[in-house]
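Taken from TrEMBL as is:
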type: DOMAIN; residues: 23-286; note: domain 'Endonuclease/exonuclease/phosphatase'
type: ACT_SITE; residues: Y138; note: active site
type: ACT_SITE; residues: D184; note: active site, proton donor/acceptor
type: SITE; residues: N186; note: site 'Transition state stabilizer'
type: SITE; residues: D256; note: site 'Important for catalytic activity'
type: ACT_SITE; residues: H286; note: active site, proton acceptor
Amino acid sequence: MTDSPASGSSVSDSYGDSFAITTVNVNGIRAAVKTRNENNHGMLPWLAEHSTDVVLLQEVRASEALTRKALAPALDDGWHLVMTESAVKGRSGVGILSRIEPAAVRIGFGSDEFDSLGRYVEADFDLGGSTVTAASLYLPSGAALTEDPKDVEKYEEKIRFLDEFGPYLDGIVASGRQVVVAGDWNIAHTERDIKNWKGNRKNSGFLPHEREWVGTRIGSGWVDVARRHHGDVDGPYAWWSWRGKAFDNDSGWRIDYHLATPTLADRLTRTWVDRPDAYDRRWSDHAPVTAEFA
């Protein structure tokens, strides 16, 4: 795990009592910022129009230099960026955009295998008058276990990640700190988190051991803040396949979670999904999910 103070890490312009943290899988940052049609100018207008304070990015799939180039208008406008790219070119990559500079940045969670693969970064901020840690997570997608060697490799990789990351999360929640780990968890926890749950019972992302792993984290004290806020309802979903009518029919998955420690979760005021109003306005297959705290 890399722990390095950000340059100029002293934060003097801390925010007031209320702050918002957004997570979004951008599905490739260079594609996300492109203009797709006259009604869809990509991620940058969304960023300019929304008053969130921290944006956690997943699946950046670009070097830091290329990411900074893609986000140049936002960075010129005062946003700060920290990120970790994958050692495998064009894969994974997570980052944190913030309106104030982080006091400290930590890359990875102490894993010899995964810390160089662009799957986890966390940063400390002075938000709402206290230190809040925001972490961006991109958990491996995995695969259903078949006889295909590639599926076996993906299945076992996800198992290894869960086995290593679980104890790290347990240590955070036991610390009493104010922490939110948000991102693309690639696991739908319950039947309420996936529209077609019956048809996906044997698919990666809804396998029994994956769902049990999330349940164990929540049982240890982590709070799924969107579920707390919305209650026992279907969704709200934030990922839809590009194919067919999945988006139009809201046949989606809720795999983009904010899990917060109890001290931070108790400050939650609301959460929401910025679902585009039409298919052709999407700049990712995921929609941004925001949690607001006070």
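Note that Cβ sites are derived from N, Cα and C of the backbone, with glycine treated the same way.
Feature annotations (TrEMBL) mapped to structure.
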residue: Y138; record: active site; Cβ contacts under 8 Å, 6 or more apart: N25, Q58, E59, S92, G93, V94, G118, R119, Y120, G183, D184
residue: N186; record: site 'Transition state stabilizer'; Cβ contacts under 8 Å, 6 or more apart: L139, P140, S141, G142, K158, S204, G205, I255
residue: D256; record: site 'Important for catalytic activity'; Cβ contacts under 8 Å, 6 or more apart: T23, V24, N25, A182, G183, D184, W185, A238, W239, H286, A287, V289
Other C-beta atoms that fall within 10 angstroms of the C-beta of the residue listed as 'active site, proton acceptor': 25
Cβ neighbour count (within 10 Å, all chains shown) around the residue listed as 'active site, proton donor/acceptor': 27
Integer average pLDDT (0 to 100) for the domain 'Endonuclease/exonuclease/phosphatase' (23-286): 98
